Amino acid sequence: MASSSPAAETWLLENGNIKPLSKEMRHGHGRSHGRTAHNVSSSSLRKKSDLTLVRKVPCAIVRDVLANIQEVILGTKLFVLFIAIPIAIIAHYKNFGRSWVFGLSLLGLTPLAERVSFLTEQIAFFTGPTVGGLLNATCGNATELIIAIFALIEHKVDVVKYSLLGSILSNLLLVLGTSLFCGGIANISKEQKYDRKQADVNSLLLLLGLLCHVLPLMFRYAGVGESAAITAQATLNLSRVSCIVMLLAYFGYLVFQLWTHRQLFDAQAEENEGDDMEDEEAVLSFWSAFAWLVGMTILIALLSEYVVGTIEAASNSWGISVSFISVILLPIVGNAAEHAGAIIFAFKNKLDISLGVALGSATQIAMFVVPLCVIVSWIIGVRMDLDFSLLETGSLALAIIVTAFTLQDGTSHYIKGLVLLLCYIVIGACFFVSNIPQKQPNGVNLGSSSEGIMRV
């Protein structure tokens with residue numbers, strides 16, 4: 001792998017203006033412009049824009065604006081869902097049914113999540129592969145993080161826990177299971193293989209995250225004879241320490257992925273991106289991409305606020321529990337574009353990309369988003385711990401263990417995907433039949449009512 005020379009570090013500025021990397025320099029840095037499996041997966045839902053009519057506009061400013069709209073708004077196969085965004089805003093201010101606001105906001109989040117991936121990739125053209133990789137790692141699950149922060153602000157800790165748990169379960173069981181099943185059916189005459197190295201690293205991190213969830217749960221049961229307040233405070237302190245350890249582990253993972261052992265991840269990218277190399281050119285300027293990214297993030301924040309504020313109303317209107325909506329519906333709809341891309345690449349027998357999306361996203365949520373939410377809740381004075389109770393922690397543990405066993409031999413066939421899907425269906429049915437009421441504004445007793453211990 002080529003090392004970075006001092007001259008290569010000066011591509012950010014040329015005559016005071018940010019300039020994109022040359023194609024040769026991008027290729028010399030391994031994975032092109034820091035592209036991750038998430039970006040490659042989302043690119044399967046993009047459309048190549050035809051700017052023929054736009055180029056005929058005489059005014060340069062109008063031409064640039066129209067070209068930006070063409071690339072950002074109409075450059076995705078999901079562009080029809082953008083109409084849900086203004087309808088959701090109108091429905092909110094006109095006091096339409098709150099369940100309608102919830103459903104429309106969820107639909108609006110779907111294309112926004114895909115466009116954030118596109119815009120971070122565009123910015124990565126100008127910042128280099130390492131910074132691009134860090135940007136992708138930060139924004140990869142922006143939707144889940146923003147929803148979680150708004151839920152914490154409204155003291156809906158149960159929604160935060162359920163939604164983040166659901167994101168991990170959907171990535172490990174639904175996305176990975178569907179990818180392995182569909183890929184196995186489409187390539188039934190071939191033996192599908194993938195690189196185990198990345199899967200092993202992600203599995204280890206997920207097991208570390210599981211340990212950090214299991215210990216607070218065991219600690220609560222071990223302290224049954226003590227005062228509930230004392231046990232709760234000790235569990236909270238243990239959770240906060242564990243979150244700091246998890247964030248350190250995730251930082252080490254980024255160093256491992258982007259610097260010291262980058263070749264493990266670049267090898268997959270070079271093999272799987274060969275067909276798309278001719279399309280790797282920036283279509284937006286740096287500041288245009290940055291402005292669009294800020295705008296998209298604001299829209300995600302607005303719709304996330306609507307989702308958090310109307311989730312109980314949707315639960316009552318639709319007759320399904322908040323736990324099912326948070327664990328099943330939020331993750332599926334919020335990341336539908338990325339998930340669909342992973343399945344499409346599985347059809348093409350490119351399992352490394354599918355695994356990179358499913359395992360990478362699950363690892364990021366478990367080791368970055370969850371501990372970050374606990375730290376944020378600590379800062380704003382909301383008591384959130386890592387004790388997800390017995391049912392939720394048990395589901396997480398079984399999902400991680402089943403996934404680790406599924407990926408242990410480096411080969412795949414459709415029966416592995418089918419088993420993962422069936423596991424997801426059983427867990428989804430469990431949350432569908434459960435209808436646990438919210439008892440506290442900043443906490444919920446997710447365990448058995450006979451325990452007599454109030455969660456904080």
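Any Cβ shown, glycine's included, is placed from N, Cα and C.
Straight from TrEMBL, the features:
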| type | residues | note |
| --- | --- | --- |
| REGION | 23-43 | region 'Disordered' |
| TRANSMEM | 72-93 | transmembrane segment |
| DOMAIN | 100-259 | domain 'Sodium/calcium exchanger membrane region' |
| TRANSMEM | 131-153 | transmembrane segment |
| TRANSMEM | 165-189 | transmembrane segment |
| TRANSMEM | 201-222 | transmembrane segment |
| TRANSMEM | 234-256 | transmembrane segment |
| TRANSMEM | 286-308 | transmembrane segment |
| DOMAIN | 289-427 | domain 'Sodium/calcium exchanger membrane region' |
| TRANSMEM | 320-347 | transmembrane segment |
| TRANSMEM | 353-381 | transmembrane segment |
| TRANSMEM | 388-407 | transmembrane segment |
| TRANSMEM | 413-433 | transmembrane segment |
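Here the transmembrane segment (413-433) lies next to the transmembrane segment (320-347) in space: the count of CB pairs under 8 Å, restricted to residues six or more apart, reaches at least 3. If you look at the transmembrane segment (234-256) against the transmembrane segment (72-93), you find fewer than three C-beta pairs under 8 angstroms, all six or more positions apart, and that falls short of contact. Remote same-chain residues near the transmembrane segment (286-308) are listed as 18, 20, 64, 68, 72, 85, 88-89, 92, 101-102, 105-106, 108-109, 112-113, 115-116, 119-120, 122-123, 126, 139, 142-143, 146-147, 150-151, 154, 156, 159, 330 (criterion: CB distance under 8 Å, separation of at least six residues from the stretch ends). For the transmembrane segment (165-189), the partner stretch with the most Cβ pairs below 8 Å, chosen from 72-93, 201-222, 388-407, is 388-407.
The transmembrane segment (388-407) makes no contact with the transmembrane segment (320-347), as judged by fewer than three Cβ pairs under 8 Å among residues 6 or more apart in sequence. Broken down by DSSP into helix, strand and coil, the domain 'Sodium/calcium exchanger membrane region' (289-427) contains 117 helix, 2 strand, 20 coil. Panel annotation: around the transmembrane segment (353-381), residues 36-38, 40-41, 137, 140-141, 144-145, 148-149, 152-153, 157, 160, 164, 167-168, 171-172, 175-176, 179-180, 183, 194, 198-199, 202-203, 205-206, 208-210, 212, 239-240, 242-244, 246-247, 249-250, 253, 265, 268, 272, 335, 338-339, 341-343, 345-346, 403, 407 of the same chain, lying at least six beyond its termini, place a Cβ under 8 Å from a Cβ of the stretch. Tertiary neighbourhood of the transmembrane segment (320-347): same-chain residues 38, 40-45, 76, 78, 106-107, 109-111, 113-114, 117, 141, 143-144, 147, 158-159, 162-163, 165-167, 169-171, 174-175, 178-180, 182-183, 186, 272, 307, 311-312, 314, 353-354, 357-358, 361, 428, 431-432, 434-436, 438, selected by CB-CB distance under 8 Å and a gap of 6+ residues from either end.
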